[in-house]
Amino acid sequence: MTNDPINWHGTTILTVRKGGKVVIAGDGQVSMGDTIMKGNARKVRPLGKGDVIAGFAGATADAMTLFERLEAKIEQYPGQLTRACVELAKDWRTDRFLRRLEALMIVADKEATLVLTGNGDVLEPESGVVGIGSGGNYALAAARALIDMDLSAEEIARKAMGIAASICVYTNNNLTVESLDA
C-alpha cells in the first residue's frame, strides 16, 4: 500500500447464488491514494436484455470498455454466456488495446457465475459465492459463513458487504445490488 496519489484503489464485488436467485452486489467507493474521490459509483449493472448481470473491479474506463465488448459478445452468442465470456477473454488477451485494460469482472446469468480476468481466464467458481476487488476476500469469507443460515441471497450479500466495508478502507456501504432468478 502506498500514498502515491495516482494509485487508484477500491471496489468490492460479491456474488451469491442461493434459493433460486443470483445476486451481485458492489460498493460505491472510488479512492485515489488515501482520498475518497467518489462514494456512489455504480459498478454493478444488468447487461444484454436484462438476463445477465455483471460487476467490475478495476479502472472504471477499462471496465466500461469491457462491459461494451461483453454486451456485443452476448448479442453475438445469445443464451451462451460462457461462450460470450470466452470470446471476450480471447480478445482481451490478444488485442493490443484490450490487453492493457486492468479490470476483473464477475458475470452471471440464471445458470452460471463466471470471473473474467485480463490474463484470459474465465473461471467458474465451485460454490455459488465469489468475491473480487480490494474487499473481495473479506466479503467472500463473510458470505461463506452466512450461506447456510436462513437468509436470502440478497440478505447474505448485503450482510457480507457490510462486513467487508467495516474491514477494508477501500470499500463503503453504498451498495448497488442486481439480482436474477436462477
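Using the three backbone atoms N, Cα and C, a Cβ is placed for every residue, glycine included.
Listed in Swiss-Prot for this protein:
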ACT_SITE  Thr11  active site
BINDING   Ala165, Cys168, Thr171  Na(+) binding site
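This view paints the features noted in Swiss-Prot onto the structure.
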residue: Thr11; record: active site; contacts (Cβ under 8 Å, 6+ apart): Gly26, Asp27, Gln29, Val30, Lys43, Phe56, Ala57, Gly58, Ile132, Gly133, Ser134, Gly135, Tyr170, Thr171
residue: Ala165; record: Na(+) binding site; contacts (Cβ under 8 Å, 6+ apart): Thr12, Asp27, Gly135, Thr171, Asn172, Asn173
residue: Cys168; record: Na(+) binding site; contacts (Cβ under 8 Å, 6+ apart): Thr12, Ser134, Gly135, Tyr138
Open item on the list: Centre the Cβ atoms of Ala165, Cys168, Thr171, go out 8 Å, and tell me which other residues of that chain have a Cβ in range of the Na(+) site.
Closed with: Thr12, Asp27, Gln29, Ser134, Gly135, Tyr138, Ala139, Met161, Ala164, Ser166, Ile167, Val169, Tyr170, Asn172, Asn173
Task: For Ala165 (Na(+) binding site): DSSP state (helix, strand, coil) - done: helix
